[in-house]
Amino acid sequence: MPDANWTPQGDYTDIRYEVSANHGPELEPGAGPTPGSIAKITIDRPQVRNAFRPQTIVEIAHALDRAREDTTVGAIILTGEGPLAFCSGGDQQVRGDSGYLTDPDNPDRQPSGSSVGRFHVTDLQVQIRRCPKPVVAMVAGYAIGGGHVLHLICDLTIAADNARFGQTGPKVGSFDGGFGASVLVDAVGPKKAKEIWFLCRQYSAQEALSMGLVNTVVPLERLEAETVGWCEEMLANSPFALRLLKASFHAAEDGYAGLQQLAHDTNLLFYGNEEAQVGRDAYKQGRRPDFSVFPKRP
Ligand SMILES: CC(C)(COP(=O)(O)OP(=O)(O)OC[C@H]1O[C@@H](n2cnc3c(N)ncnc32)[C@H](O)[C@@H]1OP(=O)(O)O)[C@@H](O)C(=O)NCCC(=O)NCCSC(=O)CCC(=O)c1ccccc1C(=O)O
């Protein structure tokens, strides 16, 4: 598998943001430019098993926006620094009585809301699901607590053979009854989801694979190559088809908000259609539109 050849971008303290050179599977020898690039967001706090504090979430959100806006990027990898953890959830050292607070060691970089406590990860979860590009969790080591929910809401999860999964909420006085419950039920079924939350056990990568929590398990040393390979396969496919598929999968789960995204995506397609342009042009020219040439499709 080819080297992704990452180029760092941006100025972050808690994460790294990197973009691969335009690459992908050669469609045909000498076929010219390859299908696009991959963005990689790495939580870079290995000293706390990549636990997130408010600043971390703000930075992931910023990087995700950046990847979304970059029209060369066709797939996004979310991962954690080092082999020991993908993410261990909310940083319990900065957990206040009303949410997650600013880090006393880092008072200058105080994200909005963190002086009074807030759950910054709430909006990030929605942002990952809303992102019209596939987001792939690349998991080595622990994906625990809020870190487990993060991998869960990614579209795909590629796990290293040393990965360990689980929720700790009821042990540490927390729970995620949002996507952390509903998406888990969809993935593993209600009995297993309740077991995971009620007992707070940890599960091996193979156990996670057999219960449908992850897409594949590979040796740790092959984790990135395998993840990049999966991203390349998606890069070779129609980006708009992937976008619509992601929205379609979420339409029922996310209710009106899911339908709204799917509906607006069809609007986006319709704007490129002659029938929609006839309406726009007639309005701009101050005349009645003539839609008579368009079939009333059966
Ligand atoms: C992840 C472990 C199983 C790893 O174990 P191990 O390899 O033995 O390493 P340790 O020696 O335990 O840890 C090394 C070092 O890291 C520190 N650390 C680890 N995790 C955290 C953490 N989450 N916060 C702060 N610090 C952490 C640990 O203290 C050590 O430090 P030293 O100074 O070296 O001693 C294990 O570490 C573990 O179980 N960690 C805790 C996992 C956990 O309980 N996480 C929090 C769950 S609750 C949560 O994530 C918030 C929920 C949430 O996100 C949410 C939900 C719903 C709405 C909103 C929110 C939201 O916004 O937060």
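Using the three backbone atoms N, Cα and C, a Cβ is placed for every residue, glycine included.
Annotated substrate binding site per TrEMBL: Arg49, 88-92, Tyr100, 142-146, Thr168, Ser174, Tyr271, in sequence order. Here Gly89 (substrate binding site) comes close to Ala51, Phe52, Ile144, Gly145, Gly146, Gly147, His148, Val149, Thr168: these same-chain residues lie at least six apart in sequence, with C-beta atoms under 8 angstroms from its C-beta.
Marked as region 'Disordered' by TrEMBL: 95-116.
Sequence annotations record features per position, and here TrEMBL assigns site 'Important for catalysis' to Tyr100 (among others).
According to TrEMBL, the feature hydrogencarbonate binding site maps to Gln167, Thr168, Gly169. According to DSSP, Thr168 (substrate binding site) sits in a coil region rather than a helix or strand.
Here TrEMBL flags Tyr271 (among others) as site 'Important for catalysis'. Sequence-distant contacts of Tyr271 (substrate binding site), defined as residues of its own chain at least six apart whose C-beta falls under 8 angstroms from its C-beta, comprise Gln277.
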Problem set entry | Additional residues around hydrogencarbonate, ordered along the sequence, whose Cβ is within 8 Å of the centroid of Gln167, Thr168, Gly169 | Gly89, Ile144, Gly145, His148, Gly166, Pro170, Lys171, Val172, Ser174, Phe175, Asp176, Trp197, Cys200
For this session: Check each residue in the chain of Gly169 (hydrogencarbonate binding site) that is at least six apart in sequence and keep those whose C-beta is under 8 Å from its C-beta; list them in sequence order.
Result: Gly145, Phe175, Asp176, Gly180, Trp197, Cys200
Exercise. How long is the line from the C-alpha of Ala143 (substrate binding site) to the C-alpha of Gln167 (hydrogencarbonate binding site), rounded to the nearest angstrom?
Worked result: 9
Problem set entry | Number of Cβ atoms other than its own within 10 Å, given for Ala143 (substrate binding site) | 34
Exercise. If you count the C-beta atoms lying within 10 Å of each candidate's C-beta, which of the binding-site residues Gln167, Thr168 ends up with the smallest number?
Worked result: Thr168
